[in-house]
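Asks: Take a look at this one; I'll ask things after.
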Amino acid sequence: MKVIVTENKIQGSAKAFEIFEKGIKNGAKVLGLATGSTPEILYQNWVKSDLNCDDLTSINLDEYVGLTPDNPQSYHYFMQKHLFDKKTFKKTYIPDGMTKDVPAYCKEYDQIIKDNPIDIQLLGIGQNGHIAFNEPGTPFDIGTHEVKLTENTIKANARFFDNEDEVPKSAICMGTANIMDSKKIVLMAFGEKKAKAIKEMIEGPITEEVPASILQKHPDVTVIVDTYAAQELDDKYKN
């Protein structure tokens with residue numbers, strides 16, 4: 001893993017965009033994208049840039065089950081608001097949270113990923129080490145699946161809703177196996193609340209109890225953290 005420690009989220013987001021921009025200019029065509037507060041500034045940089053996205057395909061990590069695309073808390077809505085309304089992509093894929101047959105749809109999404117191998121995958125990380133909605137205990141070999149959200153994840157996402165009861169209880173998400181198939185991975189984390197997860201991901205044992213720890217086995221991972229998220233790391237990663 002390559003670890004880049006920046007002073008703050010703004011610098012970290014700029015560094016992440018540099019990696020995506022360079023990758024795209026060097027031929028990357030399929031991008032795995034993420035949602036949430038972590039990548040917002042990255043997407044702002046993307047929108048302000050002159051980067052042409054006409055030939056790009058994007059595949060998003062996840063979507064809440066039961067939210068329509070026009071629901072302001074859906075990840076469809078998030079992506080439209082922060083990127084797709086301003087930059088035209090050749091094709092965009094986001095899991096369908098309103099599908100009537102979730103298991104069949106998950107197989108379809110796996111096929112989409114197989115047909116469009118991801119060149120660069122963007123990730124965040126949860127305080128418990130989850131990536132996408134792959135919670136602790138999720139098998140490393142799993143593909144796209146429906147996941148019941150943990151109480152902690154529901155609480156963490158409640159800030160985006162009027163109250164905790166409105167947070168969906170499950171989501172469709174790419175599995176760890178899908179993520180590991182990406183050619184390159186860029187993971188961003190900011191703030192001291194992420195420090196423990198970052199340390200366990202990079203320095204801890206590879207275990208399904210820390211889903212992100214599997215990234216130690218990937219050949220091309222760049223981790224971008226601010227000084228707060230890096231504070232528990234061994235000094236050798238802070239240079």
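A Cβ is built for glycine as well, from the same backbone N, Cα and C atoms used for every other residue.
What Swiss-Prot records for this protein is below:
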- D62: active site, proton acceptor (ACT_SITE)
- N128: active site, for ring-opening step (ACT_SITE)
- H130: active site, proton acceptor (ACT_SITE)
- E135: active site, for ring-opening step (ACT_SITE)
Asks: Please give me the CB contact count at 10 A for D62 (active site, proton acceptor), counting all chains in the structure.
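Replies: Other Cβ atoms found within 10 Å: 21.
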Asks: N128 (active site, for ring-opening step) has how many other Cβ neighbours within 10 Å of its own Cβ?
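Replies: I get 18 for this one.
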Asks: Provide the number of Cβ atoms within 10 Å of the Cβ of E135 (active site, for ring-opening step), excluding the reference atom itself.
Replies: 21
Asks: Under a three-state reduction of DSSP output, how is D62 (active site, proton acceptor) classified: helix, strand, or coil?
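Replies: D62 (active site, proton acceptor) sits in a strand per DSSP.
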Asks: Report, in whole Å, the straight Cα-to-Cα distance of D62 (active site, proton acceptor) from H130 (active site, proton acceptor).
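Replies: Per the Cα atoms, H130 (active site, proton acceptor) and D62 (active site, proton acceptor) stand 13 Å apart.
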Asks: Which number gives the other C-beta atoms within 10 angstroms of the C-beta of H130 (active site, proton acceptor), all protein chains shown included?
Replies: 24
Asks: Tell me the coarse DSSP state (helix, strand, coil) of N128 (active site, for ring-opening step).
Replies: coil
